[in-house]
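First the structure, in the form of structure tokens, and then the observations on it.
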Amino acid sequence: MRPVILDVEGYELDSEEKEILAHPLVAGIILFTRNYYDIEQLKALVKDIRRYAGNELLIAVDHEGGRVQRFRDDFTRLPSAGSLIEKNDMKTACELAFSSAWVMASELIACDIDFSFAPVLDLNGISNVIQNRAFSSSITETVTLAEAYINGMKSAGMVSTGKHFPGHGSVEADSHTALPVDSRSELEIFTKDIKPFENLIKKGALDAVMPSHVVYSQCDLQPAGFSSYWLDDVLRTRLGFKGVVISDDLSMHGASFVGNHLSRAESAIQAGCDLILACNDRSGAVSILDNLKVKPTAQYHAVNQLRSTKNKFILPLNKNPIWIKNKQMLMQLSEQF
């Protein structure tokens, strides 16, 4: 089992990164804005990552749209999830969700990037870090728009990752800088926040799920990403999820209360994560690679599935009529946001 997804520092690989990529625990790389200058540079970086890894590995990015879009120049400007329904009826919003996801996925795949960590399934509530990254505060609207978005991703050949299970929208604190605590009752969480995940799992729409670094104090005292209650009892057993569980970044402040990076990695895997993100802290990531002991799990085949649906486009995107049509729709929408 190769469970660790890491980051790289810049536009090109340094000597340490070339060595790290060949480590037997490395499953993938997540890219950030700092890794992008232009499309040709990005393609060269991805090619080098794959070459030095030796084994096939995942390359991912957060490319939701709106304020969370890592690559901008020469990529289509993508709308935030929340903007889709603000000025449109549901039929139009679903068409835009599909188009946005298809364009996002096709442009990333054209650069040999496997997937974006999307969509956000949190309900829009009091969370400043979520806000319009969420489709809506309505369960029905969230499920409908998310399903259209996922269909767009899959039509282009990309898998989906629903986040942040079981819901990050009802806490004010940002788990990047604090440990949010959601003190609502189990009943409220299960009748509201968890519903988009539950419904999309029933539909077989989700390939992967990313849990939050939030404590739901009336349910369990561990953050969800380190909680066997949330990942095993609820997600796997109660909701019947068969896909891949990917931790949020273990370097986030919301994960620091579990211990050092090795303890975080061990706890996340023990709780039920199949893949773990260790970003923006090289020494912490190296300590995981040097010391983590893992065993193969039943999810190893599912982890491989994250890259099995990737397509390569025969036509260049600027000559692909589907891309041209969808891009034009998004350009019209961009005038509204």
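Glycine is treated like the rest: Cβ placed from N, Cα and C.
As recorded in Swiss-Prot, the features of this protein are as follows:
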type	residues	note
ACT_SITE	H176	active site, proton donor/acceptor
ACT_SITE	D248	active site, nucleophile
BINDING	D62, R70, R133, K163, H164	substrate binding site
SITE	D174	site 'Important for catalytic activity'
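In this structure, H176 is the one among the recorded positions R70, H176 with the smallest number of other Cβ atoms inside 10 Å of its Cβ. The recorded positions close to H164 (substrate binding site), defined as a CA atom within 10 A of its CA, are D248 out of D174, H176, D248. Rounded to a whole number, the distance between the Cα atoms of D248 (active site, nucleophile) and the residue listed as 'active site, proton donor/acceptor' is 10 Å. Closest to the residue listed as 'active site, nucleophile' in space, going by CA atoms and restricting to the recorded positions R70, K163, D174, is K163. You'll find the Cα of D62 (substrate binding site) roughly 17 Å from the Cα of D174 (site 'Important for catalytic activity'). Note: the Cα of R133 (substrate binding site) and the Cα of D174 (site 'Important for catalytic activity') are spaced 14 Å from each other. In this structure, R133 (substrate binding site) is part of a helix by DSSP. Note: the Cα of D174 (site 'Important for catalytic activity') and the Cα of R70 (substrate binding site) are spaced 19 Å from each other. Whole-number maximum of the Cα to Cα distances across the substrate-binding residues D62, R70, R133, K163, H164: 19 angstrom.
The Cβ neighbour count for K163 (substrate binding site), using a 10 Å radius over every protein chain in view, is 24.
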